[in-house]
Amino acid sequence: MAWPAVRLCTGASMPLLGLGTWRARQNDCYQAVKTALETGYRHIDTAELYQNEKEIGQALKENFAAGLKREEVFVTSKLWNNCHHPEDVLPAFQRSLTDLGLDYLDLYLMHCPVAYARGDKFFPFDDKGQAITLDIHFMETWKAMENLVDAGLVKAIGVSNFNISQMEEVMTNGRIKPAVNQVESHPYLGCHRLLESCTANGVILTAYCPIGRPGSQEAEQYGVGSLLEDTVIMDISKKHGKTPAQVCLKWQIQRNVVVIPKSVTPARIKENSQLFDFELSGDEMSAINKLDKNARMVGFWACKTHPVWPFNEEF
Ligand SMILES: NC(=O)c1ccc[n+]([C@@H]2O[C@H](COP(=O)([O-])OP(=O)(O)OC[C@H]3O[C@@H](n4cnc5c(N)ncnc54)[C@H](OP(=O)(O)O)[C@@H]3O)[C@@H](O)[C@H]2O)c1
């Protein structure tokens, strides 16, 4: 049986669970995608920035050869900040499409509202570690992304790391509404206001870092490191015979938020998918909602002073 999905404003269906692939490289990424597809995942999240689209493409190709149909898998990629110039959008999209070995994408996201300097460098930073930016507003980039939909190259477009005002600006001034906003969210960063705005506007929220990137330097640095040892999460997980990671994921799914946990470990890829045989009660959902402490790890700190840096506004 297919795993639960949400309906995008385009009418397309997007599985509530996908495989994240940031920091999954080369053979690890190829194997992870193969394991995920075998396990039943039908949604893969990547980006040009992750430098793993060829490996994902190879794993998809082998699965297609074995009978998986293209329309059964939902593939998302993202336009990185150094390609916001309208002339750079189609070439960047085509690189992703070619590397993935596909003839269309299900979803293409603008990775961040801030435009970086054009060129080959993903991180064009000055000697003080500040991003060198480009004077291109995200609406200009959005219009070039709309042309990808017109050309039939992508089924839906969306944004990532956009705050409520920025998302509304795209909805007001664009021809095509963003189908998705992908942001960092976990019990310590509930994004309750943003979720309310997305729901009211028919935009689907996708949570990245949904289990708080355990063990990472950022998780420790920004106060997220203890998420899987939080007593509220642990008590709920014991009650259901589930792991803390599964509880964090289930909480999002029950809020109709799509989750894309990353793992290259086969046992964890399976663990993260065992979400559809239990239900959190209303009280358990409320107890997790109360854990919010606005603890954000991914802050695009190198462009913090830029006028469209998104995190000046509460999510
Ligand atoms: N749009 C954006 O700006 C943006 C930013 C960040 C991330 N993302 C997307 O969101 C995805 C998920 O975010 P993330 O990778 O940053 O964080 P995450 O999914 O919260 O955490 C990934 C880390 O958790 C470990 N892990 C996975 N399952 C586990 C489990 N059940 N128990 C304990 N540890 C577990 C993984 O290790 P192993 O791999 O070693 O198993 C990995 O180190 C990314 O991969 C990417 O696709 C998007």
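Heads up, the Cβ atoms here are built off N, Cα and C, so glycines get one too.
Some features that TrEMBL has for this protein:
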{"type": "DOMAIN", "residues": "17-292", "note": "domain 'NADP-dependent oxidoreductase'"}
{"type": "ACT_SITE", "residues": "TYR50", "note": "active site, proton donor"}
{"type": "SITE", "residues": "LYS78", "note": "site 'Lowers pKa of active site Tyr'"}
{"type": "BINDING", "residues": "HIS111", "note": "substrate binding site"}
Checklist outcome for this item: Across LYS78, HIS111, listed as recorded positions, the smallest other-CB tally within 10 A is for HIS111
Checklist outcome for this item: By a three-class reduction of DSSP, TYR50 (active site, proton donor) is assigned helix
Checklist entry - Once the chains shown are all counted, how many other Cβ atoms turn up within 10 Å of the Cβ of TYR50 (active site, proton donor)? => result 21
Item to check | TYR50 (active site, proton donor) and the residue listed as 'substrate binding site', distance between Cα atoms, whole Å | outcome: 12
Item to check | Helix, strand or coil at HIS111 (substrate binding site) [DSSP, three-state] | outcome: coil
Checklist entry - LYS78 (site 'Lowers pKa of active site Tyr') to the residue listed as 'active site, proton donor': how many Å between their Cα atoms? => result 10
